[in-house]
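**Student:** Below are the features I grabbed from Swiss-Prot:
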- 21-69: disulfide bond (DISULFID)
- 35-84: disulfide bond (DISULFID)
- 38-122: disulfide bond (DISULFID)
- 46-100: disulfide bond (DISULFID)
- 50-102: disulfide bond (DISULFID)
- 105-112: disulfide bond (DISULFID)
- 25: N-linked glycosylation site (CARBOHYD)
- 42: N-linked glycosylation site (CARBOHYD)
- 1-18: signal peptide (SIGNAL)
């Protein structure tokens, strides 16, 4: 019986450690209104789980701050969106995460909502790879 409990605890520990906050490859839709269509690009972003807790009894004197998996370091890359009008700026700059950590959500630079539009959302019907 003790070996079963040990195996269970070990599997739980392994699941938590292996699903930590880390870089992951994602595909995002890039669009420029002047170009009237979207392109898909590959980039890296942070994904995974962070230790957090939600208290049953809320204490107004002690705010409940949830940690999220977010970027620690960013670089920016630029891509040219094809098909833009000659007078339009066809360059699009997007963030690429280079390091991740568990921290507070910075609403100035991150969509902190429960459900955002998602990285593959496109306002236009046409998507180019």
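Glycine is treated like the rest: Cβ placed from N, Cα and C.
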**Student:** Checking the contact step here: among the disulfide-bonded residues 84, 105, 112, which have a Cα within 10 Å of the Cα of residue 46 (disulfide bond)?
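**Tutor:** Passing the 10 Å Cα cut: none.
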**Student:** If I restrict to non-local contacts, at least six residues apart, and a C-beta distance under 8 angstroms, what lies near residue 102 (disulfide bond) in its own chain?
**Tutor:** 21, 50, 51, 67, 68, 69, 70
**Student:** Considering Cα atoms only, can you say which of 35, 42, 84 is the nearest neighbour of residue 122 (disulfide bond) among these recorded positions?
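**Tutor:** Comparing Cα positions, the closest of these recorded positions turns out to be 35.
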**Student:** Nearest to residue 35 (disulfide bond) by Cα distance: which of the disulfide-bonded residues 100, 105, 112 is it?
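**Tutor:** Of all the candidates listed, 112 is nearest in space.
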**Student:** Given the disulfide-bonded residues 84, 100, 105, 112, which one's Cα is the least distant from that of residue 38 (disulfide bond)?
**Tutor:** 84
**Student:** Compile a sequence-ordered list of residues in the same chain as residue 112 (disulfide bond), six or more apart from it, whose Cβ lies below 8 A from its Cβ; state 'none' when nothing qualifies.
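**Tutor:** Residues satisfying the criterion: 68, 105, 106.
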